[in-house]
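Some features that Swiss-Prot has for this protein:
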| type | residues | note |
| --- | --- | --- |
| ACT_SITE | LYS40 | active site, proton acceptor |
| ACT_SITE | TYR263 | active site, proton acceptor |
| BINDING | ARG134, MET310 | substrate binding site |
| MOD_RES | LYS40 | N6-(pyridoxal phosphate)lysine |
Amino acid sequence: MVTGWHRPTWIEIDREAIRANIKNEQHRLPENVALWAVVKANAYGHGIIETAKTAKEAGAKGFCVAILDEALALREAGFRNDFILVLGATRQEDANLAAKNNISLTVFREDWLHNLTLEAPLRIHLKVDSGMGRLGIRSTEEAKQIEARIALDHQLILEGIYTHFATADQLETSYFEQQLDKFTTILTSFESRPTFVHTANSAASLLQPQMDFDAVRFGISMYGLTPSLEIKNSLPFELKPALALYTEMVHVKELAPGDSVSYGATYTATEKEWVATLPIGYADGLIRHYSGYHVLVDGELAPIIGRVCMDQTIIKLPREFQTGSKVTIIGTDHGNTITADDAADYLGTINYEVTCLLSDRIPRKYIN
């Protein structure tokens with residue numbers, strides 16, 4: 001992917017916001033509980049390497065990623081000795097690569113442990129499916145089989161056991177408690193407790209501090225975003241959003257009544273109006289569903305008109321502006337703010353998706 005340093009569209013990441021969110025979370029954790037920064041999916045769109053550096057500076061004790069490639073990227077970037085856990089499935093043939101790079105892997109099937117050829121010890125975290133329904137063992141019998149299998153191979157180390165809550169970001173807790181009971185039952189079936197027992201993502205840690213166990217997987221809230229709007233007013237501290245998205249007007253013109261813009265001619269001016277073309281489109285993560293949404297221009301709302309194109313978007317201006325004028329898509333301008341939550345609400349999705357969609361074509365600038 002070619003990063004577009006030569007067009008006026010960019011993301012700003014506020015390192016101080018990330019540091020503040022981590023520090024506020026750490027102040028709530030017992031000293032013996034580790035905070036692991038979840039930097040999967042290019043750090044939820046914030047940039048994996050620079051975010052990891054910032055998180056480590058703030059006191060994060062390790063990292064969680066989704067795939068082995070992300071873990072290797074961290075190792076190659078200089079995180080040589082840091083704890084890294086791959087949360088997703090890894091192919092059996094890649095186990096040795098992980099072992100040689102001291103990367104911990106998630107395991108959720110006993111047969112995956114068969115016929116491994118390892119040149120170094122492999123650290124394993126056993127995933128328990130307590131009700132999420134994706135990956136994980138579901139019974140004490142499976143747990144005992146895996147524990148027995150690991151005991152037969154001196155190269156296998158059962159480093160951790162964990163689960164993931166499906167409803168931690170909801171105020172109603174009955175399903176959460178059901179998952180916890182199932183996880184606890186499987187956990188107590190082990191003859192030897194692993195070093196790391198971890199269940200808490202951002203939502204669980206913020207709302208259910210008793211779930212912290214030995215480590216917390218701090219993800220969405222590290223970036224200053226609420227796990228869900230439902231719990232936003234119940235959070236123990238104010239989150240500081242780290243990401244802002246900006247662009248500039250590359251063309252400004254006046255439409256006459258009857259003039260149309262963009263594909264399908266879905267927008268037609270009914271009177272004289274000023275419009276601007278922005279150098280950002282759905283290839284950058286500003287998907288077509290943003291049509292009809294709004295941005296900030298000089299602190300005023302300006303609607304997106306017509307269809308969002310692959311590389312360009314058109315907005316209706318409140319008045320004439322100069323080419324090169326700044327446009328805020330996510331962020332604050334003259335005291336008014338558009339958040340990732342606002343965009344998610346318009347799109348009918350969640351803030352995670354809004355930032356994860358932002359492609360590598362957009363350069364990230366790190367401030368503070």
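Glycine residues also receive a Cβ, built from the backbone N, Cα and C atoms like all the rest.
Everything Swiss-Prot records as a feature, shown here on the structure.
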residue : record                       : CB count, 10 Å
LYS40   : active site, proton acceptor : 19
ARG134  : substrate binding site       : 11
TYR263  : active site, proton acceptor : 11
MET310  : substrate binding site       : 12
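DSSP assigns ARG134 (substrate binding site) to coil in the three-state reduction, outside any helix or strand. When the Cα atoms are compared, LYS40 (active site, proton acceptor) and ARG134 (substrate binding site) turn out to be 17 Å apart. Secondary structure at MET310 (substrate binding site), taken from DSSP and collapsed to helix, strand or coil, is coil. It is 40 Å from the Cα atom of ARG134 (substrate binding site) to that of TYR263 (active site, proton acceptor). According to DSSP, LYS40 (active site, proton acceptor) sits within a helical segment. Reduced to three states, the DSSP call for TYR263 (active site, proton acceptor) is helix.
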